[in-house]
Amino acid sequence: KASVGFKAGVKDYRLTYYTPEYQTKDTDILAAFRVTPQPGVPPEEAGAAVAAESSTGTWTTVWTDGLTSLDRYKGRCYDIEPVAGEESQFIAYVAYPLDLFEEGSVTNLFTSIVGNVFGFKALRALRLEDLRIPPAYSKTFQGPPHGIQVERDKLNKYGRPLLGCTIKPKLGLSAKNYGRAVYECLRGGLDFTKDDENVNSQPFMRWRDRFVFCAEAINKAQAETGEIKGHYLNATAGTCEEMMKRAIFARELGVPIVMHDYLTGGFTANTSLAHYCRDNGLLLHIHRAMHAVIDRQRNHGMHFRVLAKALRMSGGDHVHAGTVVGKLEGERDVTLGFVDLLRDDFIEKDRSRGIYFTQDWVSMPGVLPVASGGIHVWHMPALTEIFGDDSVLQFGGGTLGHPWGNAPGAVTNRVAVEACVQARNEGRDLAREGNEVIREACK
């Protein structure tokens, strides 16, 4: 009879992929998954299944397994802990060997870790809560084109949050009227104005016309105020080539900053653009359109802190990060957790802020968090307190909605932010007297 190589049939994942005795290595990429298994599937099996399907595993032994070293390449579920207050959920910790991932590719990282496993039958739901990126891997990325310090030096603006404004109505203005709104806001005292995320190149306003009129607005406002101004020109396009064409044209116009929608545009396009921006001295503003599709459900998808880490590696100088106080969702401690992950070099593990792993970015530049969405001048005390100086505060309707017009709206915001910063520096309690501070300043 023929010799038997191995037993065919379906194998339990936990025999190979659940290894509670494993000591994680400094070079491992660690993931924390929130797992909701189907009824009857034990936690160890579900955790091991996640580790297997997002690394080397398939549902049975294949003879080519003998041609490689499984121990060197397999993902391992090394710890499981129940989620407080949830009966059928637990956190599975998975360690991936560094060699599973292509250097400098967020695309490959995500394809491996979250590519296939989320459709897995044995799981009712799965959410990636956090990733620990080891320096051995993060060092293969360029990261943000410039980072917080270089941006401040380029703009010559220190010691306060930067102010922005999204031009509204976001769709329908002609390029010239759009440029006029940009000029009024910048002239009134804002640092930046912004293309809305869905302003690309539509029939009512083609991208090139918008770029030209906005550049004119920037130059005029700079000449009149003596400050450096910018407008986030949205370079997002249907193809990478078209996106690069727009970024190159922006550079030729001499503007300081361009913008990209990194989730709809994709990580590959974003990383290419970030490299171009560093090589050519452009700042890069990142909008997170589509993030809530991925991060809003509490038990399925990916937490935004993972998308934020991925963006810091892929590259961007600003990224939208919720407001804590405006019209869109976001809890304070958790938001501050990923705001620190964007800005700081070293972030301690702190479960109360949703940070599952200590993250050491070594020398990778930081990203400025952008607070945007339904905020207005009376939120200013809270925003200065929550976000501190290293942030961009964006008031769209909160600038353009001023009954006297765009420029007075911009003046209001600039006066308010400077008053709040000064009051804070003098040791006054913004939470209590913030509104009073603003009223005094506006007299």
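Glycine is treated like the rest: Cβ placed from N, Cα and C.
Residues or ranges marked as N6,N6,N6-trimethyllysine in Swiss-Prot (evidence: sequence analysis): Lys7. The DSSP secondary structure for Lys7 (N6,N6,N6-trimethyllysine) is coil.
Non-local contacts of His320 (substrate binding site) by the CB criterion (under 8 A, 6+ apart in sequence, same chain) comprise Ile286, His287, Arg288, Pro369, Val370, Ser372, Gly373. Positions annotated as substrate binding site by Swiss-Prot: Asn116, Thr166, Lys170, Arg288, His320, Ser372.
For Lys168 (active site, proton acceptor), applying a Cβ distance below 8 Å and a minimum sequence separation of six or more within one chain yields Asp196, Gly396, Gly397, Leu400. The active site, proton acceptor annotation in Swiss-Prot covers Lys168 (among others) and rests on sequence analysis.
Over all protein chains present, the Cβ of Lys194 (N6-carboxylysine) has 29 other Cβ atoms lying within 10 Å. Per Swiss-Prot, the feature N6-carboxylysine maps to Lys194; the stated evidence is sequence analysis.
For Lys194, Asp196, Glu197, the entry in Swiss-Prot reads Mg(2+) binding site, with the evidence type sequence analysis.
In the three-state DSSP scheme, His287 (active site, proton acceptor) falls into the strand class. What Swiss-Prot records for His287 (among others) is active site, proton acceptor.
Sequence annotations record features per position, and here Swiss-Prot assigns site 'Transition state stabilizer' to Lys327.
With respect to their backbone Cα atoms, Lys7 (N6,N6,N6-trimethyllysine) and Asn116 (substrate binding site) stand 26 Å from each other. Sequence-distant neighbours of Thr166 (substrate binding site): residues of the same chain at least 6 apart with a C-beta under 8 Å from its C-beta are Thr193, Lys194, Asp195, Asp196, Ser372, Gln394, Gly396. The two recorded residues, Glu197 (Mg(2+) binding site) and Lys170 (substrate binding site), have Cα atoms 9 Å apart. Across the residues annotated as binding substrate (Asn116, Thr166, Lys170, Arg288, His320, Ser372), the two Cα atoms farthest apart lie 37 Å from each other.
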